[in-house]
Amino acid sequence: SVSNIVPESCLLIVVGLLVGGLIKAVGEKPPILKSDIFFLFLLPPIILDAGYFLPLRQFTENLGTILIFAVVGTLWNAFFLGGLMYAVCQLGGPGLNHIGLLANLLFGSIISAVDPVAVLAVFEEIHINELLHILVFGESLLNDAVTVVLYHLFEEFANFEQVTIIDIILGFLSFFVVSLGGVFVGVIYGVIAAFTSRFTSHIRVIEPLFVFLYSYMAYLSAELFHLSGIMALIASGVVMRPYVEANISHKSHTTIKYFLKMWSSVSETLIFIFLGVSTVAGHHYWNWTFVISTLLFCLIARVLGVLVLTWFINKFRIVKLTPKDQFIIAYGGLRGAIAFSLCYLLDYKHFGMRDMFLTAIITVIFFTVFVQGMTIRPLVDLLAVKKKQETKRSINEEIHTQFLDHLLTGIEDICGHYGHHHWKDKLNRFNKKYVKKCLIAGERSKEPQLIAFYHKMEMKQAIELVESGGIGKIPSAVSTVSIQNINPKTLPVERILPALSKDKEEEIRKILRNNLQKTRQRLRSYNRHTLVADPYEEAWNQMLLRRQKARQLEQKMNNYLTVPAHKLDSPTMSRARIGSDPLAYEPKADSENLPIITIDPASPQSPESVDLMNEEPKGCGGLPPSPEEDEEGLVMRVKEPSSPGTDDVFTPGTGDSPSNQRMLRCLSDPGPRPEPEEGEPFIPKGQ
């Protein structure tokens with residue numbers, strides 16, 4: 001019940017505080033979260049898990065918005081916060097006067113970045129919609145390049161006696177080197193991992209190892225050259241995943257998935273516990289002015305940055321960011337262990353105020369994680385922000401999504417506009433034509449066919465039947481139905497089908513999605529002027545019109561044959577009638593000359609199904625009906641179904657004789673009725 005109110009990250013920090021307090025109470029020195037341990041061992045699993053399972057469609061569709069928030073927003077926060085904190089230090093008294101502009105800018109660059117670990121820990125629990133989640137989480141991933149550049153830049157500038165304009169220009173260019181260099185390193189290792197997995201079909205056990213090994217190599221190589229290790233990990237995970245999953249087995253895929261989840265969860269737990277322990281164990285220097293100003297300016301800078309950037313972004317977005325979305329983005333700017341570790345890396349020789357920086361950073365982390373992390377769930381419910389769709393999209397939705405993508409690509413081609421869909425389609429074509437053939441083994445490089453997959457499933461089912469039922473030797477290409485017909489007694493009466501695993505279901509879903517909609521096939525063009533007319537179309541129209549007129553005529557005729565329902569007597573009245581005149585209620589043996597009405601068995605309720613077969617004995621044949629026939633009334637018989645291939649309108653039936661036609665005319669036109677006399681009642685007597 002506590003975890004429903006308090007996020008897991010807050011509880012872990014509390015556990016760390018308790019553990020650190022116990023260690024200190026015993027008289028031992030609590031361990032401190034060292035930066036080397038954090039950056040080399042604890043951070044990579046979390047980033048690899050986020051990059052490998054990154055929702056690529058949402059990420060690429062909102063990449064421009066994410067980059068603006070990550071780059072421009074982080075730069076704004078760093079310089080706005082650093083400049084204001086420098087002003088506070090100049091006005092704050094003797095304890096803060098010695099802190100210069102570069103030190104405050106370095107502090108601003110450390111504290112301004114949104115932390116991916118904290119964002120993941122909080123946003124996974126509130127199940128926010130995909131757009132807001134990818135905007136905040138994507139910003140926290142991509143702002144690493146800005147943080148790394150600013151951190152190393154101000155750290156180097158602090159050692160210089162004088163900073164020139166050339167140094168500033170080189171520092172600006174280093175941002176592109178760090179970010180694009182990290183992406184390049186990640187892509188290289190991702191391609192190597194995909195190529196290596198092509199040759200692991202005979203050693204399935206070590207397939208997951210290559211994913212972890214090459215990803216970690218990408219991170220270490222990027223950190224070695226002071227590039228962005230986080231961007232290298234994300235790039236390697238995104239690049240290798242589609243090709244690696246096409247090459248490896250299902251068991252290896254499951255191993256990678258759950259090992260990454262477990263590894264990242266353990267790292268996240270250790271990070272937050274160590275944050276609590278380090279808070280108790282570290283050296284702190286508390287300055288009310290500096291700490292309160294840092295917390296206040298962090299919130300102001302975040303809100304102003306989100307409002308201004310969203311106003312600019314909404315001019316170019318089709319789906320606008322609403323005020324509720326802006327509030328969640330601003331409120332979700334959580335700080336975490338990355339800022340703590342970067343500050344812990346500072347050298348005492350050049351930054352004597354490191355303890356005060358650490359104290360302020362820990363205060364901001366605790367405020368964002370505890371206060372904002374605990375209140376964001378009630379605020380999301382209060383504002384009725386759209387939640388994440390829990391159910392998986394159906395194949396129908398995914399196929400229509402792809403169809404709309406190709407439709408938009410075609411519209412862009414017609415308009416001559418090279419937009420997002422155009423370049424995405426070009427990349428997919430290049431990937432299918434060249435890259436897949438090099439990185440995916442065997443026939444998997446081509447599109448998997450539904451028929452081949454059906455045969456594969458059929459063979460697997462046949463093998464299972466042979467192994468379980470002992471049916472004997474069965475041909476290799478025999479179908480499941482024929483297998484069941486060979487020896488039906490060996491199978492149980494109700495065979496329970498085995499439930500599909502999630503991986504198998506995902507594979508079937510992927511195959512159906514790829515095959516039920518072929519991309520941009522070139523079809524023969526046509527127009528309405530070149531279409532050949534159907535010679536039978538006019539004859540069919542005439543036949544339909546004649547059939548419709550015949551049905552209408554038959555319906556009019558049947559309106560006169562409506563027989564009112566016989567009113568049922570009560571049981572007492574029936575016994576009285578039978579007792580008074582038993583002969584009147586005996587069934588008549590002779591019923592050959594009775595009039596017959598046939599009923600079509602297809603729809604006995606419809607009036608069209610009634611066909612008059614023999615009505616001569618009843619008034620129109622020249623002889624008056626006998627009283628016995630009068631009492632028996634009409635006999636209903638079921639009409640025999642017509643033979644296949646005959647037309648029920650144009651084929652003459654048994655009731656189409658001239659006498660029957662005269663009978664129809666007689667019934668359809670009963671003639672004028674005599675007017676009732678003045679003293680005569682409206683309802684005749686005896687009715």
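Backbone N, Cα and C define each Cβ position, glycine as well.
Nobody curates TrEMBL annotations by hand; they come from automatic prediction.
Checking the ranges 502-529, 642-669 against TrEMBL, the coiled coil annotation falls on 502-529. Confidence in the coiled coil (502-529), given as mean pLDDT, stands at 64.
Below 8 angstroms of C-beta separation, residues 59, 96-97, 99-101, 104-109, 111-114, 134-135, 138-139, 141-143, 146-147, 150, 289-290, 293-294, 297-298, 301-302, 304-306, 309, 312-313, 329 of the same chain, each at least six residues beyond the ends of the transmembrane segment (66-89), sit close to that stretch. Within the chain carrying the transmembrane segment (357-380), a Cβ under 8 angstroms from the stretch's Cβ atoms is held by residues 5-7, 9-10, 13, 107, 110-111, 118, 121-122, 125-126, 128, 275, 279, 282-287, 290-291, 294-295, 298, 327-328, 331-337, 339-340, 343-344, 346, 351, 387, all 6 or more beyond its ends. Using a Cβ-Cβ cut-off under 8 Å and counting only residues 6 or more beyond its ends in the same chain, the transmembrane segment (216-239) has close neighbours at 39-40, 43-44, 47-48, 50-54, 56, 116, 141-142, 144-145, 148, 152, 177-179, 181-191, 193-194.
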